[in-house]
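*Asks:* Take this structure, written in structure tokens, and hold onto it; I'll ask about it next.
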Amino acid sequence: MSQAVSFSASPSVPYHPEKVNQLTHGLGFALTVPAAICAIIAASSSCDTVGFWGCVVFGITMMGVYGASTLSHSFDDKPAVKDLWRVLDQVAIYAFIAGCFTPFALTYARHPFGITALVLMWVMCLAGMARRILRRGKPLNSLDIAFSVTAGWIPVVTLLDMITAGGAIGLTLVFTGALAYLVGIYFLMNDHRSPYWHAVWHLCTMTGTACHYAFLMLFIIC
């Protein structure tokens with residue numbers, strides 16, 4: 001999620017923060033495209049139809065969030081365009097929160113409890129998207145963060161399914177990724193304190209995504 005914080009380059013800030021923000025998630029987007037393609041191709045031969053489409057959702061939302069984030073840190077000379085991408089970035093984050101759980105729920109947690117959790121997660125994320133659209137132009141607040149974190153932790157109710165699917169290694173990947181996102185939120189909410197803390201948030205999200213992508217490839221698609 002992008003905060004409306006602006007720092008200028010200076011002797012103490014040698015690299016323009018928005019350029020750093022753009023480059024970090026630009027790299028993330030460049031990595032997610034082949035990653036998504038590989039996952040979808042692999043899923044087409046190893047997953048059933050429902051599981052395959054779950055992987056497609058993961059791939060599309062993953063590319064979408066990094067692409068939107070990169071563009072939300074572009075267009076400094078076009079504020080209206082930049083603000084539009086900022087909103088789309090925040091909407092895409094909610095889509096990816098639900099998209100991360102979708103392939104797992106449609107493979108290892110395809111039972112009433114797991115599907116209920118998936119539906120609840122998507123409903124919460126859709127509500128979060130609507131909230132960000134209605135509050136466009138306003139900074140994130142504690143309610144926004146609480147909403148996204150709550151939605152993001154819904155999958156913990158399928159913990160036994162995660163253990164069945166990935167064992168200790170899989171569980172470590174899932175929770176390391178979740179921890180990376182949580183640590184990143186601190187830097188996101190305090191990015192007004194340092195010109196490069198927003199980029200640290202970006203690096204944390206990339207770490208979280210890498211962990212969950214590894215879980216997808218090793219234990220869901222495999």
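For all residues, glycine too, the Cβ spot is worked out from N, Cα and C.
Because TrEMBL annotations are produced automatically, they should be read as predictions rather than curated entries.
According to TrEMBL, the Zn(2+) binding site annotation covers HIS73, HIS198, HIS202. Sequence annotations record features per position, and here TrEMBL assigns transmembrane segment to 26-44, 50-71, 91-109, 115-133, 145-163, 169-188, 200-221.
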*Asks:* Counting only CB pairs under 8 A, let me know which of 50-71, 115-133, 145-163, 169-188, 200-221 has the most with the transmembrane segment (91-109).
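*Replies:* Ranked by Cβ pairs under 8 Å, first place goes to 50-71.
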*Asks:* Going by DSSP, is HIS73 (Zn(2+) binding site) sitting in a helix, a strand, or coil?
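*Replies:* Coil, per DSSP.
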*Asks:* Top stretch among 26-44, 169-188, 200-221 for CB pairs under 8 A with the transmembrane segment (50-71)?
*Replies:* 26-44
*Asks:* Can you name the far-off residues of the same chain, 6+ from the ends of the transmembrane segment (169-188), with a Cβ under 8 Å from a Cβ of it?
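*Replies:* Long-range Cβ neighbours of the transmembrane segment (169-188): 1, 3, 140, 145, 149, 152-153, 155, 162-163, 197-198, 200-205, 207-212, 214-215, 218-219.
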*Asks:* Please classify the secondary structure at HIS202 (Zn(2+) binding site) using three-state DSSP.
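*Replies:* In three-state terms, HIS202 (Zn(2+) binding site) counts as helix.
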